[in-house]
């Protein structure tokens with residue numbers, strides 16, 4: 001008679017639980033917030049619990065570092081690479097949660113469910129960046145997407161968010177269908193859904209994807225292209241960015257897109273997809289088109305949210321240039337640029353959020369429930385410097401970083417990306433990146449000129465002057481983002497050292 005299998009060692013369980021603790025704490029925070037909202041309907045304690053859960057999850061990342069490079073299950077790998085980007089997503093969610101409070105009416109409104117959805121979306125993003133299997137890929141993606149549907153359409157009495165939510169729902173469902181079909185085709189040929197096993201099988205002598213396997217890989221890239229808003233899958237982005245509440249737009253632009261890009265890089269490197277010349281050539285064309293289309297269409301916009309939407313499309317094109325190098329330098333370049341992109345977009349949308357609070361003289365809750373528009377027209381920012389100089393300064397720093405001006409994180413990030421592209425001989429994407437950056441200067445400087453170009457007497461009639469003053473938490477958050485942007489733009493060595501360690505396990 002065979003002996004019964006022994007139980008798992010306690011130290012094994014301890015290591016796994018410690019490694020998974022950032023994700024476990026996010027899930028636990030969502031449950032606690034849900035129960036609190038059910039028994040005590042007031043947004044302040046719910047927001048405080050949300051922020052506390054995010055802080056605990058972030059602190060748990062430091063405990064997980066000692067057990068990193070751990071394949072805790074067949075579905076998840078919590079290495080330094082995953083932990084770094086989970087931390088980035090948690091920080092982005094923390095900032096968005098702070099921005100949401102007054103935007104949705106502060107203590108006078110009932111928006112407790114918003115924080116539950118934010119925590120679930122952050123959990124979905126965390127699962128995505130740690131995925132090493134198609135099942136966890138799909139689980140994280142759907143958890144993130146379903147939360148975003150509700151977040152985008154959250155203001156109940158407004159037409160624009162509902163329209164944006166429906167658009168996102170339809171296109172996200174379509175892209176998920178493409179991803180599923182692509183995964184099925186890859187599985188049909190290789191018989192496995194683990195990224196590492198896919199890479200091992202394709203690395204064997206004489207092994208290659210057959211036609212339907214290549215079709216499956218192409219469908220996966222197409223589905224991810226929709227999520228990242230890469231050209232020609234970008235058409236939903238301006239409408240959703242314009243219609244969604246401003247803090248939620250910030251979350252989509254940062255945590256949602258960042259998680260998808262991080263997952264795509266892991267999949268390409270672990271599964272050996274970067275060895276397919278047809279796929280890399282197609283991605284090169286997509287990168288070139290994304291940079292040009294994003295920058296050129298941004299020139300035609302008079303709405304701040306639409307300008308930032310097209311700018312985010314172009315920024316993802318820049319990231320693809322570094323992505324295509326597929327080496328250690330490329331991983332560091334993508335990680336640094338993505339970090340700069342998070343900081344910059346959170347700061348830019350943070351300023352728009354603050355100026356949209358209490359717009360038209362009412363409280364934030366009255367304004368947004370009344371179906372009025374955000375403070376997002378370019379004309380609303382005329383003379384901002386003369387009455388809100390520090391807000392104009394923060395917004396200027398963010399725009400200069402997006403443009404890649406020296407002494408900002410954006411400059412270091414672009415320099416890193418160009419270096420990786422040149423070393424990989426990606427001449428056409430690199431040249432396009434330089435051209436796109438020059439085009440981008442025009443619409444970034446246009447916004448800056450509007451903020452500084454009007455005199456005090458003309459600015460006195462600007463609509464944005466009736467916006468509410470930012471809270472201490474909002475002011476501190478925006479100031480921290482601006483200081484971080486400049487500090488890491490001048491002294492990037494410490495962050496680069498962290499990224500070298502984080503990306504080392506992927507190559």
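The backbone N, Cα and C atoms fix where each Cβ goes, and this holds for glycine too.
Taken from Swiss-Prot as is:
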type	residues	note
TRANSMEM	17-37	transmembrane segment
TRANSMEM	113-133	transmembrane segment
TRANSMEM	134-154	transmembrane segment
TRANSMEM	168-188	transmembrane segment
TRANSMEM	190-210	transmembrane segment
TRANSMEM	211-231	transmembrane segment
TRANSMEM	245-265	transmembrane segment
TRANSMEM	279-299	transmembrane segment
TRANSMEM	307-327	transmembrane segment
TRANSMEM	334-354	transmembrane segment
TRANSMEM	392-412	transmembrane segment
TRANSMEM	425-445	transmembrane segment
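Contacts between the transmembrane segment (245-265) and the transmembrane segment (168-188): absent, as fewer than 3 C-beta pairs lie under 8 angstroms at sequence separation of six or more. Tallying C-beta pairs under 8 angstroms between the transmembrane segment (279-299) and each of 17-37, 113-133, 211-231, 334-354, 425-445 places 425-445 first. Listed as Cβ neighbours of the transmembrane segment (113-133) (distance under 8 Å, sequence separation of 6 or more from its ends, same chain) are residues 22-23, 26-27, 29-30, 33-34, 37, 43, 46-47, 49-50, 53-54, 71, 74-78, 81-82, 85-86, 89-90, 93, 96-97, 100, 104, 139-145, 147-148, 150-151, 154, 193-196, 251, 255-256, 258-260, 262-263, 266, 270. Under 8 Å from some Cβ of the transmembrane segment (307-327) lie the Cβ atoms of residues 228-231, 234, 237-238, 240-242, 249, 253, 257, 261, 264-265, 268-269, 274, 280, 283-284, 286-295, 297-298, 301, 333-334, 337-338, 341, 345, 348-349, 352, 378, 402, 414, 416-418, 420-421, 423-424, 426, 429-430, 432-433, 436, 440, 443-444, 447, 507, all in the same chain and six or more residues away from its ends. For the transmembrane segment (17-37), same-chain residues at least 6 beyond its ends with a Cβ under 8 Å from one of its own Cβ atoms are 45-46, 49-50, 52-54, 56-58, 60-61, 63-64, 66-68, 70, 72, 76, 78, 83, 86-87, 90, 112-113, 115-116, 119-120, 122-123, 126-127, 130.
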